[in-house]
Amino acid sequence: MKNTHSYFTIFLLLAVSFTSCRKSEQDIGTVLFREFRNPVLKETGPAEIAPYLERMLREKKLKHGKLIAAFYQGRGYSPVLLKKYLPGEGLGTLIGYLEKAGEHGLNPALFQPGQIRRLQDSLSNEESVSTPEAAAPLVAELELQVAASLAAYGNALQFGFTNPADIFPRYYIETTRPDSTSLTKMFAASDLEALLDSIQPTGNAYKALQDALAGSGTGKTHLAGAGDNKETENTDTPGTAASDHSAPADKDSSGAGEVRRRALLANLERLRWKNKPEKEKYVLVNIADFRLHVVENGVPGLNMKVCVGEPAKRWQTPQLNSLIERVQVNPIWHIPESIASNEIIEKAAADPYYLENSNIDVYKNGEIVADSREIDWESVSQEDLPYSFKQRPGSQNALGKIKFLFDNQSSVYLHDTPAKAAFDQDMRAVSHGCVRVEKPLELAHALFGNGNKFEMIKTEMGRDNPEARNIELSQQVPVYLVYATCWLDNEGNIQYRPDVYGLDKIVVSHLQAEDNGPPPSR
């Protein structure tokens, strides 16, 4: 009798469990019917929806597609977002935020609010959706569209819509990108409005650029102009409160207003990228502003003019971050092959004493050439150059008295220069990619501080018969080479700089889309 009672209890529990599962299976159908009032949706459950959702995830090219697919795979391809957000005003709230993406300088079409509306309208149409078989693929498509739109919008605000490493061939700043953890956290939010509100950027610099974009900014704006030499500090973004240069005004057929608007769009996106300096002390070079700052505890201290790479793509200074490890006082310049083949051999051919007078040694197969004047430079091939070149330390050395070394893929560095006149120019994109600094000794002091090493640097830089000497930093200092064409300064003014490399245009081109389906993945 006892056994019979036990079996009955087990049977009853299994039956209740099975009934509960069946009830859970039908929950999405009930939710769909209550929202769209189409009777066939009552019979549309997860079992009918899952195959379509799985297939669409395989076939559609979605932004963040791999992350979204992994999320649904781990949940049996169940329409979890519709089940959670359809009751109440969830989807309406999402659509409202997507349609206001323009406030962030983002085209709302990137996030497909219109497609969500169209799918909702389709599910309400009893004539075209008259069977569960017709409803299931539409429900799957709506679930996927909601997921894709939420992921694209949420990640755009938190990480940037673009990955800078994807759109720039020489971008080496470490940038945090969305991952499965950030996506799951977003999709797990029970209160969609609270989630969407929490991810809105709130920084002062960001809000100022937003206001300027909307035409309601209360702060003044400042565009670099001729004869503008005021210098003040800035803590919000790279640059100074007013320009000391007047590069071309970057005018095109669309006018200065469109150029300024493009700068706002591009720099809002740059502010969304998660790659801002976080260390207590770092060196910051804003390529577009031609200036260097040493920042400590968020406050800029030493700042100076710099010369950066020419606008031609091959000579542009790359965007990167690294650690300054050491300096070389009285440096040897290992002349890059690109400069040697394009400039050095032409000068050597024109003047047989050019190399000797410039303290440049010539090497072949690793051995120094005794007399470079015996080489017929006019017959030397630029495409297959058999020689390498090094410039000895001295007053004529192109790197000046000191260079600041940090590991990077482009072999660029900060350095002194004998060509001081370039710092008097307004347009200082004049180098072959490295950054020439106006005040090298002051920069060395900012890095090393007082002490034996700095005294050694001063002594070595003043020698009449200089020899190259490496001096290590006791504590490496982060360095950032960035590109910002507008920002908020300390006085509440928005500063603008010409887009000398044309990078704003590249950023903005990736923030445009037509409302013709989910944007492609990268």
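Cβ atoms here come from the backbone N, Cα and C positions, even for glycine.
Just so it is clear, the model here is predicted, and its values are computed rather than measured.
According to TrEMBL, the feature region 'Disordered' maps to 217-258.
Annotation comment: TrEMBL describes 247-258 as compositional bias 'Basic and acidic residues'.
Residues or ranges marked as domain 'L,D-TPase catalytic' by TrEMBL: 281-457.
The active site, proton donor/acceptor feature in TrEMBL is assigned to His415. Other Cβ atoms within 10 Å of the Cβ of His415 (active site, proton donor/acceptor) number 24 in total over all chains.
For Cys434 (active site, nucleophile), the number of other Cβ atoms no farther than 10 Å from its own Cβ, over all displayed protein chains, is 23. Taken from TrEMBL, the feature active site, nucleophile covers Cys434.
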Quiz item: Which whole-number value in Å describes the distance between the Cα atoms of His415 (active site, proton donor/acceptor) and Cys434 (active site, nucleophile)?
Solution: 8
